[in-house]
Amino acid sequence: MCPRPRRAVLLGLGVAMSAIAGCRETAPSTTQTSDGGPEPTGRSGDTQTDGGGETTRQATVAEGGESATRADETETSELDLREANVVDVTLQSAGGRAVEFSVTLYHDDDGEDGYADWWQVETLAGDRLGRRELLHAHSTAPFTRSETIEVPEGTTCVVVRGHDQTHGYGGQAMVVDTESGATRAVQQGPEPAEFDDGDCP
């Protein structure tokens, strides 16, 4: 019996290894939050940067299985990262007047003494409807956190503001139409701005 050529054996091993490697699946990575729950690092809805100084986002409002989408871009180089900037807001109906707000903040938690410690939803008159507390720093990359908030009947336009421990409110806020999910970014500067019906998207 003639021994198989060495080249044929190596080729067979290479094909087998390629097939095995192609079958491997990687589960989404998670990090542990200081409040005990896992935080997906590859969560859908997180803001992704394209590496060229811009952040591309797509906002989605879903109710009753239907969704409306809006896509736009924000020049992140224009943001003052000392402020807790709101760069994206998506809404999901949670039944009745309850709405789940998923808010993406962009703040330099690494380069500041304090970190972005909450975001909140307000009426146009400035009355707080709800707040999402943030218990620890989140580096400098944009990050998204969600909270379910009751929106009063007749309220169709709200303001979402970020807050950080050092500078308070300021930076970019987002005015949101709670029925369509449309958003409008507003540069407030270092102090919180006042809003009215004319600011709604």
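Cβ coordinates come from backbone N, Cα and C, glycine included.
These numbers come from a predicted model, not from an experiment.
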Range annotated as region 'Disordered' in Swiss-Prot, from 142-161, 182-201: 182-201
Same-chain residue ranges lying at least 6 outside the region 'Disordered' (182-201) that approach it to Cβ under 8 Å: 59, 70, 74, 78, 80, 83, 86-89, 124, 126, 156-157, 159, 161, 167-176
